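Some notes on the structure that comes next.
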Amino acid sequence: MSLIADNIRYFDEQLKDTPARLVAVTKTHPVETIKEAYDAGHRLFGENKVQELVEKYELLPHDIEWHLIGHLQTNKVKYIAGFINTIQSVDSLKLLAEINKRAEQRNRTMPINCLLQFSIADEETKHGMAYEEAVALLQSEEYRNMHYIRITGVMGIATNTEDQEKLRQEFRQLRSYFEQLKETFFFANPDFKEISMGMTSDWQLALKEGSTMIRVGSGIFGSRNYNK
Ligand SMILES: *Cc1c(COP(=O)(O)O)cnc(C)c1O
């Protein structure tokens, strides 16, 4: 058995009695490597760039559930609208409208699942909305007329730090956004259920704070080489 298969089994075991699922983050890794996780039974994968995602989608089996986890430009939505399961990085009404439009054009049988990405970290480079922006989005007439997307939860990227207390605060912040939105806009809607938080270095803490999706890359596939 491969090391990657071992890692998949390790996470299956760790998550078995939790509500959380593992998004195996495959960016920079070749399809042969991804295939090892697939052959170990894993089906939920995440990529952060559109072009790389499309190339891999075409080469890999089509029962994979693909999530886009990186920043998405509106002019690239069309390339993934036909097959994407979930876009975790929705950070504006404009982007959501484009996703809805492209999903409609593709005649999808299932809507595209969307997570609202919140800015919870210090770093200004990390994308995501403030809470009030999400409220404005959800109150808009335009959103209420979108029938080809569904908002299934929230996503956030914590600060890159070892400071556990800081990480805990950021995860709690995201969870409280989730709970407030649930109560205000999705009270009777079981589709709104996801809190995507936690990566290789902080998934255990994220899990304790209520994560339903951990996004793990290097912890499964090893370190990334961006210079290839
Ligand atoms: C790369 C990436 C991850 C995974 O990072 P690791 O530290 O390798 O686990 C998770 N989320 C997002 C948004 C990413 O871009």
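Glycine too: its Cβ is placed from the backbone N, Cα and C atoms.
The domain 'Alanine racemase N-terminal' annotation in TrEMBL covers 4-224.
Secondary structure at K27 (N6-(pyridoxal phosphate)lysine), as computed by DSSP, is coil. Counting only residues at least six positions away in the same chain, the Cβ atoms of G46, E47, N48, K49, E52, G70, G217, R224 sit under 8 Å from the Cβ of K27 (N6-(pyridoxal phosphate)lysine). The annotation N6-(pyridoxal phosphate)lysine is assigned in TrEMBL to K27.
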